[in-house]
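Single-structure report; data block below.
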Amino acid sequence: MSATSAQLKQQNATSPGTTGPGATGPDRYRGEIEHGLKVVPVKHWGRWVLSAVVAFVILQFLWSLASNEKWQWDVFAEYFFAPSVLNSLVLTLQLTVISGVIGFALGAVLAVFRLSKSPLLNAAAWWYIWFFRSVPLVVQILVWYNLGYLYPTLGLGTPFTTDFWLAEFPTTTLISAFAAATIGLSLHQAAYSAEIIRAGILSVDQGQVEAAASLGLPRRIRFFRITLPQAARAIVPNAFNEIIGLVKGTSVVFIVALPELFYTVQVIYNRNQRVIPLLLVAVVWYAIITTVLSVAQYYVERRYARGAVRELPPTPIQRARQWVSEQWSRLGDNPSQGGGADAAAHATTPSTPAGAGDRAPGEGEPAHERATSAAPGVTVAKRAAAASVADAAGACDAADAAGPTAALTTTAQRRNGGTR
Amino acid sequence: MSQTALAPSFDGNIPIAPRPTATVGRVEISDVTKSYGTNTVLRDVSLTIAPGEVVALIGPSGSGKSTLLRTINHLETVDRGSITLDGQYIGYEERGGKLHELREAEILRRRTQFGLVFQNFNLFPHLTAIENVVEAPVALKRLTKPEARELAKALLARVGLADKVDHYPRQLSGGQQQRVAIARALALSPKVLLFDEPTSALDPELVGEVLDVIRGLARDGTTLIVVTHEIGFAREVADRVVFLDGGEIVEQGTPIQVLRSPKQQRTRDFLAKVL
């Protein structure tokens, strides 16, 4: 028996019970064909050629990064953690967080206005969104910064008059560069997030609201417990898009001389003329923020996918662990390593709960397993071993407590994904 | 197909086993008219449903039976006429010879005296079966969370889903989803249960399990108003069958009267098509 056929057998033995009707797909045929003729997969020559070209381009680029001294990585390293750069990074993050929070809060209010039955609220929100999507962000920030030209003082007084003031402040002290930037970014962001939130709310089936109303749930609870969690599934990807856009959008506030990341590297390279390495400092920091946000997005989306799909796909971490345990068990499948009797003895010991769980209760393919009792015995034993290794490494979380059972379940699902 | 709902030994003469006498859940519909633009969907409909009675509303699609059901719990407002439950209006209050529209909070409070089961279940997909049932009693502060969970478990067990408590709706079959929806509607102990074509979205082999649950509720003495296409089920379970067509009640009576020997031509035409 070759290693490949053992592998096939293992797939056959483990997949059907975990997938139900889906398992009647290619796996079963593979199993049957295995007894007869060998299957030769079609060769994708075009794919190989393209892969080679792409690999070449990537390697060439990496080589040039390392070999071209003009990238000046020493300058990059010198400034990457420079206090002025780190301070500017903090300012960038502050601008992002503050205008992100205000922007989305205001956007949510505008979205609700747009969906309101009041024509005035609806129109007001519509015009707001129209206006702030029309005016370029840079222009808007400049106007806020220079508001003093229009209104030298701001204060509280009698409405519609200019002669009585309760309190009054000069505009230039009230609206600093930071305030102008925050106001501009927030108002701009609100217009875009309003549309995203509105789209999310509209995507929720009307029947949901009706069902909630028929249960006597008050409007607030209907919105926050029923509509919003379902809308979130549509909102989250776009919202992260916007937040990532906002991180880089903060770079336009250099126009009001606010020392955020981009402004700071400009100041530095204007002094020392090392333009490229300093721009790279900014680029890498922006990339790091974006990476963190992208990972966060993945997990937030997963959270809101609960109930929307029958089974959640495994996370990259779960997938990596599963790959390791698969390779481990494959190692054990190789008959050339011998020790068949030894492994069979292991398999019969009752102290392999993971291996037992492996035979999906009720739905396995016993005929096939029985026919090849020796080989799966090895598989089971090895897989149990893989489980204990994973446990010892402390890498198992609660969901994966079943060790390879859970991991293999997901493999089988992935494999059968196409047949659904 | 509708015959599958009938017990094999049923001869059509005994209505149903005697039920405990209910004292609440009397629905009075008087002269209700409702139109969408120029399209009049309900025309002077009057119907009184006694406590504990099981009424089946049948009729061709577009006859207004679903609209009538939804006006009963004030999910739809009426243009003219009134609907009361045990003498109380759902959306209005009578003061000085006029009907004053109530504030939403009060309407919602009164609406909880009805439970509504939808054709397409409308379970909350982001909540598990038990969370779907727990949501209303907890949100309305009727029960604490542990109490509500106990109740929900009992209700889910009653509809035969004790082992599906933590499943999400998408992990359940249509029949199971509809049974969760019934448990959810029961969680507020309504006086009247309204069913809007509860089996129309189900595969034929799943219809029976839902009808079994409704049959059990009928036996318990809850007032039931069921819009249905399952003529066999109406014959077996209903105390009264009401046939609507064109927004009007054409004919009503015991299942035997209406379904065996209809007086009106329109009823005969309809039954000829569905039986």
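Placed from the backbone N, Cα and C atoms, the Cβ positions cover glycine too.
What TrEMBL lists as compositional bias 'Polar residues' is A:1-12.
The compositional bias 'Low complexity' feature in TrEMBL is assigned to A:342-358.
Among the features that TrEMBL reports, compositional bias 'Basic and acidic residues' is placed at A:360-371.
Marked as domain 'ABC transmembrane type-1' by TrEMBL: A:85-297.
According to TrEMBL, the feature region 'Disordered' maps to A:1-27 (among others).
Feature annotation from TrEMBL assigns region 'Disordered' to A:323-378 (among others).
Annotated transmembrane segment per TrEMBL: A:48-66 (among others), in sequence order.
As annotated by TrEMBL, transmembrane segment applies to A:86-113 (among others).
Sequence annotations record features per position, and here TrEMBL assigns transmembrane segment to A:125-145 (among others).
Here TrEMBL flags A:165-187 (among others) as transmembrane segment. Within the chain carrying the transmembrane segment (A:165-187), a Cβ under 8 angstroms from the stretch's Cβ atoms is held by residues 95, 98-99, 102-103, 106, 132, 137, 140-141, 144-145, 147-148, 151-157, 246, 249-250, 253, 256-258, all 6 or more beyond its ends.
Summarising the annotation, TrEMBL assigns transmembrane segment to A:252-269 (among others).
If you look at the transmembrane segment (A:275-300), the same-chain residues 6 or more away from its ends with a CB under 8 A from one of its CBs are 70-73, 75-76, 79-80, 85, 89, 92-93, 96, 236-237, 240, 243-244, 247-248, 251, 261-262, 265, 268-269, 315. As annotated by TrEMBL, transmembrane segment applies to A:275-300 (among others).
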Outside the transmembrane segment (A:86-113), six or more residues from its ends: residues with CB under 8 Å to it: 121-122, 124-125, 128-129, 178, 181-182, 185-198, 201, 239, 243, 246-247, 250-251, 253, 258-265, 285, 289
